[in-house]
Structure formats: C-alpha cells, structure tokens
C-alpha cells in the first residue's frame, strides 16, 4: 500500500505546482538567511581568534555557509522544475532527472538536520578551545615589545571590558602569571628582587589584575593591586560581594555568548529544515502525480500521487534485498576473477609438423 496516496485532477496539480514554485523561492531566501548566519558567526569567531586555541569552532559557520549555498542552488533548480511542470511539453525534459534530484534533496535534508544538531552540540568543544586559548593569551599579555604578540594586551583588555569579565575562570588567574612586563619593573627595588627570588621560575607574581578587570559601576575606586590584602585598604574584604572587580571569568562569558548564538541559529536551521522537508514531500507528490497520468495526451484526467509506492515497510525490505543482491554480485565477480587467475587451467598446445 502506497504511503500518503493523494488523488489529483488538473486543477489540483496546477495549484500544487504553483504553491511549490512559491515555496521554493521562499526556501531560496531561507538559504540566504542560513548563509548570512554562517558568515556572521565566522566573522564573530575571527574577531577573537587570538584567544581560541584551534580552528574546530569554525566547523559550524563553514557548515552553515555551505548549507546556505546548497539550499539556494537546490531550491532555485526545483523552482524551475515546478514552473515547467505546468506545461507537459516542458516537463518531459525534467522527468528522467527528478528521481536522482529527489535523492539528492533527501541527502541534503539529512545534512541540514545534522548541522542543526551540531549547532547545539558544539558547546563542549568550544569550551575547551576557549579555555586553552585564553590561558595562552594571558601568558602573552606582557609581551608588548614582542613582534606577533604586541597586540595581545589590547585584545585581552578590550575583551574584559566588552564582556565584563576577568581572567580565564576568574580574577585569581592573574595571580598565577606574570602579566607585568620586565620593562616596567625596577630590578634595583628590594620588593621586586624578593618577589622574583621567591618564585621557582623567577617570575614577578603579584595579587593584582589589569585595569580592564575593574567594574566602573562600583562606587569605590578600583582596587587592582594587593587584592587579597585586606589590611592594605580601608574597610575592605576581598571575599565579599563588594569586590569591585568582575567576578565572572572570560571563558564563561564568551562561552555563553557563542553558545547562545549557535543555539539560536540551530533553532532557525531546524525551522528551515522543516520547511525544506515539506517542499521535498510536495515535489515528490507532484512528480508521482504527473508520472501516473494514464493518458498523457489528456492532461485533464485524474492521477494519483504518493510519497512511497509500496509503503515504508515494503520499501525498506526491497532496499535491503537490493543491497544483498549487489553484495552477492560483487562476491561472484571476485570469485570469478580468483578462479581465472589461480584455479584456471592452461590449455595444452600441440604442434603439428
């Protein structure tokens, strides 16, 4: 029994073709939207590529860009088919291409659905990328005189100001690295010498943070040095909520920013996928209804359209049988080649003199 069998007359076929033509052009605009989202996300990721450890995060925008281009191409082609299907003479030239085209559409929709899922599942990979990238970026914060790294201080400062964050996981991350350049240290000072000697790696570590960690909305002037020394400041306790530094780490802030953006894009792609599926189903009904016309010379006669000719179960069984036949055919071919090469006997040649 056929799946979703529908009876059509000429009027219904014309309406279906016209509706599909319109839907395909809406799908072209949806493809442009998906392409634009991928391009926007790629630009946003490139803005902060210095604090990302690898390029895995670009898989999502690259996939969206590719799906957008394919959507425009597939739906533009389908729109042409739907338009020509109104004229039986023009439809004949598309008839042999429709089955392969629908198979390609099915594969495209599977890929589109997978891309939508990836938009929701990239959070873990993005988190590890940001954690390692921010850690490396903070190490290079002091290298303002080193070619290739001189921009890192500005990058980190602008990042902390824009996203209202401090450090990788929090402000205490700055206590574990030397973020002040040796160029600005007085090595004749006893305090500087003692701090460097007290560290195994010979680094100048302080319980301080860059200025960009300061919260400008705090009524108190920013305390960025001796952050953990309560006695160094009047009426101060660094463990209270009144600390005038950003408490949230930049990894969490960036992860929330990008993951929420990707999740929103994933929802849009899922909606586009549902629309593409409805277009594919409609195109299949149009294809089968035009093929099943009993008398091609009488376009006004009734016909039937369906999604699957033999039902879901029977179609699945026939597909498995076809795969088995292909497997057996390949096995027979391999056995035949082996017999010819190894088991074949060389005929004797007699010479008559």
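From the backbone N, Cα and C atoms, a Cβ is placed for every residue, glycine too.
Of all ranges given (57-78, 79-100, 101-122), TrEMBL attaches the label transmembrane segment to 101-122. Within the set 234-254, 255-275, 276-296, the record from TrEMBL flags 255-275 under the feature transmembrane segment.
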